[in-house]
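Record features, source TrEMBL:
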- Ser165: active site, nucleophile (ACT_SITE)
- Asp338: active site, charge relay system (ACT_SITE)
- His369: active site, charge relay system (ACT_SITE)
- 38-89: domain 'Partial AB-hydrolase lipase' (DOMAIN)
- 1-20: signal peptide (SIGNAL)
Amino acid sequence: MFRFYYCLIWLCLHGNLVLARCGDAAFLEDAHLPSPGLIRKYGYPFEEHKIETNDGFLLTAHRIPKRGGPPVLLVHGLQDSSAAWLVNGPDKALAYLLSNRGYDVWMLNVRGNRYSRRHINYKPRQRQFWDFSFHEIGIYDLPATIDYILNRSGGYRNLHYVGHSQGTTSFFVMGSERPAYMKKIKLFQGLAPVAYFAYMKQSLGKYFAPYMGEIVRLAYRSCIYEFPPQSKVLKKVFYKLCTVILHKSCTFLIMKLAGVDYRQLNSTTIQIYIGHFPAGGSVKSFDHYAQQINSGGFFKYNYRSVAKNRRAYGSAKPPAYELGNVDCKVALYYGKNDLLAAVKDVRRLRNELPNVVHDELLTYRKFNHIDFLVAIDVRKLLYDSMFSVMKRVEDGEL
């Protein structure tokens, strides 16, 4: 078996063989350009900003500046990056569309992804570097980024926040644990918002969740704290496998994770997306989500030790997050075919949030977890509604 995988990798990497050139014909420039390259390619201004968190991480934010424009912060999901808001191209991707409408667009790369792999004390090879989940993103990354943006936004006291998937979870954590920051949010828009998983559909995530404790113990014993490992060679092999040799299998796997929707699937866009995803993250992030799936609640991280839990929380079990503290204006968008953000779970979340001004179950029945980013008709199905809600909030109608 090892020889088979070795030969497969060797064939894909060596350009003098026919199979090695399997990726050349399908080469797509946007799949290999980093986020700054994508922004510049399509004629938009670009800035890169470094933001230090209170616990020492050095984050990278990508900006499409619009002087005097209302600031909007886009925060990606698990294993994603700023590219999530760009890969659908200049006519459909949210970052470009917001810039066209006069917004000052900021895209955060949270700790651990390909653009935010620096810490003042730790290196990515050390376990301490990866001791985080969506909790630390919520209490450190988001507040530091919001303060940084508002200090550079020409007098704005609050900003628009758009999160996808984990970008919503970490926002709920920030609201729960650092509620003063809710005054700095003009409007929170949650795309595929995830906090509860009691009604999660049969996806690969639900299948693996019961075994995650053992998987994590095995990973830590093997000194694996990051998943997947970020390697240029592995990324090149993964891209060629998923876009040429096993293209249909990889597309099927994405659908098993997100929800089946071939009608809104653009195969070229998916190949570009695969060039940027996965962008890196911690094993602990997967573990924390698995704990939510297994419990059906929205709790802080369980250390699987009464003593450790008591040291961290003063109780034998981790406490629930206080969603009642998330009192900024909230707009929620979700799909019937999303395998990760089930309708009943989102509606439970809606009922616990005190200031929901817009609640939208998307009318297209097949809308899945990644359609929020890459659907062919995403502007008509989703973004136009978002723009309308943003304007109504700015005009004082909501």
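Using the three backbone atoms N, Cα and C, a Cβ is placed for every residue, glycine included.
Location within the structure of each feature annotated in TrEMBL.
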| residue | record | Cβ within 10 Å |
| --- | --- | --- |
| Ser165 | active site, nucleophile | 29 |
| Asp338 | active site, charge relay system | 29 |
| His369 | active site, charge relay system | 26 |
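Calculated from their C-alpha atoms, the gap between Asp338 (active site, charge relay system) and Ser165 (active site, nucleophile) amounts to 11 Å. In this structure, the CA atom of the residue listed as 'active site, nucleophile' is 8 Å away from the CA atom of His369 (active site, charge relay system).
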